Amino acid sequence: GGQILRVSTALSCLLGLPLRVHRIRAGRSQAGLRPQHLSGLEMIRDLCEGKLEGGEIGSTEITFTPGKIRGGTHIADTKTAGSVCLLMQVAMPCVLFAASPSELHLKGGTNAEMAPQIDYTVMVFKPIVEKFNFTFNCDIKKRGYYPQGGGEVVVQMSPVKELSPINLTERGTVTKIYGRAFVAGALPIKLAKDMAAAAVRCIRKEIRDLYISIQPVREPDNQAVGTGSGIIIVAETSTGCLLAGSSLGKRGKNADKVGIEAAEMLLRNLKHGGTVDDSLQDQLIIFMALAKGVSRVKSGPITLHTQTAIHFAEQLTKAKFTVTKTEEDDPSKDTYIIECQGMGMINQNL
């Protein structure tokens, strides 16, 4: 799958390990590399002046030989609605250990199916991942939707000497719930208002006493390519945890349904009692593996993506992960502690 490709290529680049990946997406209806995977690979190749063999659309095997990671400006363009957030996932760990600051111009879909929405990346992923002791700037120049994409995000980042471990084990209580329901292109703002209202009604059934603020927005025409709609809702807790639910609109799908889907996803993520939601769980693994010291994260049921990320992080780095079910507080809650003794990657370029 694409995720194995992203995790292993990023680690190959960081550790200077040559890599061969075969049977890429062999079980999918369109097997092999899709534009999004290929543009990610090409960006990593350029970032570290590496060599890539088998880098074409539909290829089911690649060989990658990394060089030295350098900063500077790099462009990755899927030329489709392929997710810019997945491009960011593969590049970010690498540029943290570059020799100089980087600016990544990522082009494609900003709000795509089967991938985090850019709003999730900015509202949830960014504040949490920065606890590893680095910062990045993410500027949404243009939003792009399925099928044509056309969005552009610019990520700026300075390298670090090493990453600090994180400890996210105290969930605290939910203090506020906020979000944005958006429409772009040919869709009326009424759709965004309907999504937001349906989401609020759904959350109110479970959580009565909290202020919920979901802004309906129409994306400016000069900042959005194509027509799209969707919603993201974030719950913030007293200990600074952020958990979210999101959903995308599509033709023939009722606006209320989109709002309710996002609200139900948020409520599911709140129910298990973890400090991270299902989408963030696997995205933290590579940073935990690279950090110096022991990281701990409390989560709900471990997703297949997380199991996969742990497996490949352990194969390629010296990091050691343990996953234990928590028994202490409430036996009805399905919560786990993901613990990692990180490899303590040091940036030799600094």
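Any Cβ shown, glycine's included, is placed from N, Cα and C.
Quick look at what TrEMBL annotates:
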- 1-323: domain 'RNA 3'-terminal phosphate cyclase' (DOMAIN)
- Gln89: ATP binding site (BINDING)
- 169-270: domain 'RNA 3'-terminal phosphate cyclase insert' (DOMAIN)
- His305: active site, tele-AMP-histidine intermediate (ACT_SITE)
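The residue listed as 'active site, tele-AMP-histidine intermediate' sits 13 Å from the residue listed as 'ATP binding site', counting Cα to Cα. Broken down with DSSP, the domain 'RNA 3'-terminal phosphate cyclase insert' (169-270) shows 37 helix, 37 strand, 28 coil.
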